[in-house]
């Protein structure tokens, strides 16, 4: 024991470095393991919250048959104990005398979407009126009420198209959903639009009257219990839903009429893939720490063995066996690893709990701590296990192996890294190969890349040193020449490898963090399309909304828009149609350049240029309105505005004030059962009119039109085709088109560009159209005017909370949102980068100290021959600077290459899906280069301190020259 203590005291500096490396490795590895276990729950909960409603529920549709109650009970029993909410759908009913913006079908019929709903009051809130007091009253969703021109207290007439029977029902109230992303609204697909897509069916009209639901179909929504979700519980729920679906047609009696849709299996699959990515990316920093810590510890062990070379040779010469020497080394190593193993795990968990309370000190963490201890003992004992030689052989410096023998393992590492790189470039989805629970490619590729950089740096050191030495040999920089020569003849390049690994880890961490942050910004820009997008909860904006928004402090521009859906091929989801004024959109609409094929202003300019002066819009001029009976006139503008021009009657003409540009025409409404003659003067151009019969008529010779009921007056010349922009997915589905179906009617269009994404959309298939052009065409063809349903705003307004009826999409708020799955990987990589820096500093300090001690004899000889202390100190610093510089450059280059292949693959949305648009590599050059420079400066600082200390010991070293001979 005395021998062991004396050996330890003689090498206390290197043993302290080994202890520091072990403690740092234990802290990092146990901390990363504990965090990997705790981070899963947060990501799963966030993903479930952000999942689409259909991924959190099961929707069943089918015919109710002759015994609706029995089928209802069967379905509830099949999904018990889950909560089930039901709906009944009436058919064959139409709205008689529909007003508002409702567009009838080609037969002039506006159909009614009648529905009976369970628990509506729990999911909706009243906008006006009251809930029904009897079955003779109905309620309407706000968009449907606006489209049909109904308000609380009014009476609507419903016609049974099968019998012609007409019933009157009082509208007791108008409501809107409490939360639009509530799965409940899957039962009511028309709740937000006010009508079923591409049909003339308007609703929902909610009634409890059984007369409406004879022979009706039913719908049942089953909400999965995902209050405390885990991967296992979601997977089991999806399996139960799938198994129940297979048996439901028979057990419920729905037969072939049954349709069961659920996204639970998709959610489970996506979460499994996301968790596989999460685990794989958390293995990456663990591997980096294992490699770096193992190398640092091995380096210290080699330095320790070299410092004890003479002592070990003497012990062998006196009869000490390899087993005895290994035993002494093992006892010494055990004394070092025991504190690290016992303290590391509790300390790491305690530190993590300051930020993540869910972290626990479980058996897995202790297992990792034990493995660190075993690895430490093996690394420190390994040098003592090698075969011994003669005393002369033991004290002789190590021989360098031939190039081909040294390159064997290097070539294997480089080949594996190159293969991983090629695979990552073609990477599409993670795979848990071999049941490991991780993707080996995703986990190991970064570490292989970093190792390759270190290997290449080592192999480049001798030729670079020779090249620098050859250059310096021509001048007078003797310190630099000596330093480069010493670097080129080193038996190992510990500082360079440590720096390469640390800089590469830091580079990958910074790039991944920057890429994830920029991806969140890009996703927010794509989803919102502007600084803010305000969506009218009722489907249409009140008359005063534009003025309210323009008056808000911080608003630079307000762009009114509306949105619809266009059918594509059979079975495919419809394309999203965004309609806004492209001439006014510059500076408001935002998009990533690659989404729109260049800056979005160029795309908007191309659309605006295609519109030109073609659309049949004019300017409301001063004039007079006259009629032979009571008539109300409304001026219609291309931005969705309607200006009430008042009511006229026989002998009472009314003046028209000038109203600005964008005039599409006039809506003329008469309540008289007899035809009424109407005329407006002072307006430029020729006019035509469409009545309720759909037949176009021209004005009489005196300029009067005959009005019966409702008349739309528009310009005589038809507008040109509407210029539109399609995404690639929409273009692939539609082909070369000249018309689109909008609101159930065909509209002539002209495709002016194809882009990757349309701003403000999330689906692959989308269409962007100019509002002036499309509004003109819709009003000219169908006498239809879409009201503004959303507002695109530039600026950072305050006071939005005071406005009601708006759903706010804030680009800045979305961009700053959380990303639990990605955050785990970034946190772990930053921890690995910090740990890599600490380990690198410890390794560099140990190497610098050992190098100075090892070179003491050489330095003493050079000093005796006339080399001054400053020259020798500078040569030591040049040697370390060359090693540090090459290591930092290699680490920086490899880190960037690894980040380029890895970072875009690791960015996921909160719902654990791939981001839209795809993530692009983002490099924070200042922080990345700064981290490398900081490590180089630290390395130089350590080497400077060591060099100064070594030169101070030169006189004593000179006195001991030859004492070992």
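The backbone N, Cα and C atoms fix where each Cβ goes, and this holds for glycine too.
Copied over from TrEMBL, here are the features:
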| type | residues | note |
| --- | --- | --- |
| DOMAIN | 286-375 | domain 'ABC3 transporter permease C-terminal' |
| DOMAIN | 832-952 | domain 'ABC3 transporter permease C-terminal' |
| TRANSMEM | 282-304 | transmembrane segment |
| TRANSMEM | 325-351 | transmembrane segment |
| TRANSMEM | 363-382 | transmembrane segment |
| TRANSMEM | 403-422 | transmembrane segment |
| TRANSMEM | 442-461 | transmembrane segment |
| TRANSMEM | 496-516 | transmembrane segment |
| TRANSMEM | 827-846 | transmembrane segment |
| TRANSMEM | 881-908 | transmembrane segment |
| TRANSMEM | 928-950 | transmembrane segment |
Same-chain residues at least 6 beyond the ends of the transmembrane segment (282-304) with a Cβ under 8 Å from one of its Cβ atoms are 11, 14-15, 17-18, 21-22, 24-25, 28-29, 32-33, 35-36, 39, 375-376, 379-380, 382-383, 438, 442-444, 446-447, 450-451, 492, 494, 497-498, 501-502, 505, 824-825, 828-829, 831-832, 835-836, 839-840, 842-843, 846-847, 850
Same-chain residues at least 6 beyond the ends of the transmembrane segment (827-846) with CB under 8 Å of its CB atoms are 13-14, 17-18, 20-21, 24-25, 27-28, 31-32, 35-36, 39, 281-282, 284-286, 288-289, 292-293, 295-296, 299-300, 303, 494-495, 498-499, 501-502, 505-506, 508-510, 512-513, 880, 884, 931, 935, 938-939, 942-943, 946
Tertiary contacts of the transmembrane segment (325-351), defined by C-beta under 8 angstroms and 6+ residue spacing from its ends, are 3-4, 7-8, 15, 18-19, 22-23, 25-31, 34, 312, 315-316, 359-361, 365-366, 368-370, 372-373, 376-377, 379-381, 383-385
Long-range Cβ contacts under 8 Å made by the transmembrane segment (928-950), restricted to residues 6 or more beyond its ends, are 495, 499, 502-503, 506-507, 510-511, 833, 837, 840-841, 844-845, 848-849, 851-853, 855-856, 859, 872-874, 876-877, 879-881, 883-885, 888, 891-892, 895-896
Restricted to the domain 'ABC3 transporter permease C-terminal' (832-952), the mean pLDDT of the model is 78
